[in-house]
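Student: After the structure tokens below, expect a handful of questions from me.
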Amino acid sequence: MLTDYLQACERGLEPLFSPQILSAVMALSRQRLVERPHGDLPRWMAALDALPAGPTNCALDQNTLTIGRAGEQNEEAVKLALQGLIPWRKGPFEFFGVPVETEWRSDWKWQRVAPHLSSLQGRRILDVGCGSGYHCWRMAAAGASCVVGIDPTILFLVQYLAVRRFAPDLPVWFLPLRMEELPAEGGQFDTVFSMGVLYHRRSPLDHLLELKGALCAGGELVLETLVVEGDECTVLMPQDRYAMMRNVFFLPSVAMLSRWLERCGFVDVRCVDESNTSVQEQRSTDWMRFQSLPDFLDPEDHSLTREGYPAPRRAVLVARKP
């Protein structure tokens with residue numbers, strides 16, 4: 001199945017990438033999925049294969065991405081197969097009447113972002129750090145001509161394949177890559193999304209320049225990241241952990257982040273949303289049983305993390321490549 005997917009992916013991306021770039025990204029993808037796969041990949045693929053096959057209705061333009069109808073398949077068998085892909089972090093989904101209540105309400109983020117986007121109709125889109133692909137499917141449903149999601153987490157790719165199993169004709173592709181692994185020659189995309197990635201990067205300016213390089217002239221960047229309150233000189237670098245995460249490096253103020261974007265050559269920079277992350281938006285569920293945001297906050301003061309830093313606050317900025 002993975003070989004078939006990679007072949008279809010290569011055909012689907014031929015109009016987007018030069019032969020040199022396509023060859024490089026597909027070689028790295030094959031290495032990670034076929035030649036030197038993750039040790040749990042056979043188990044995940046067995047769970048995927050246990051899902052029913054064949055065409056069904058898919059509703060991907062709504063908050064809960066819905067595959068099939070209740071009663072169309074054996075719900076217990078579907079649930080057992082989907083449980084083989086736990087933890088589910090980004091969603092929500094419903095497969096044949098089985099709700100998959102993911103850790104994140106990714107639909108809430110989409111509701112904050114979508115009103116401020118240029119029309120996605122006919123656009124070529126890159127979604128960096130795409131997770132399970134939830135937002136990729138929303139972008140396709142909004143009319144994108146091609147959506148490429150990249151994320152190095154192989155389980156997320158298998159979760160994407162669970163949806164693709166029933167929507168094989170949509171132009172949505174997942175590559176198991178990091179942004180810095182895309183070849184430098186770029187400029188293919190009309191819109192680039194980076195949501196929940198920047199604070200994990202040791203060099204945030206390099207990440208912004210990589211995003212800019214992927215955009216065509218006049219293309220739109222949608223950047224969502226953790227921020228702190230303050231002026232254009234304010235940035236938080238945690239001493240060790242932030243919200244129990246060791247891989248968080250820079251949390252700028254919106255003003256500082258705007259300056260970073262401008263220094264990297266973006267224009268028309270604007271902040272379109274800024275909001276605190278609630279324990280209703282990110283929490284443990286039966287489909288993600290590990291610790292989540294409520295465990296990462298000060299138990300007596302949810303305005304602080306366990307380390308005493310300001311609790312997670314996220315901003316969405318939109319900018320343009322001239």
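Every residue gets a Cβ built from N, Cα and C, even glycine.
Worth saying up front: this structure is predicted, and the values here are computed from it rather than measured.
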Student: Given Swiss-Prot annotates W104, K109, G129, D151, P152, T153, M179, E180, M195, Y199, R314 as carboxy-S-adenosyl-L-methionine-binding, which of K79, K90 belongs to that site as well?
Tutor: K90
Student: Rank the binding-site residues D151, E180 by the number of other Cβ atoms within 10 Å of each Cβ and report the first-ranked residue.
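Tutor: Answer returned by the neighbour count: D151.
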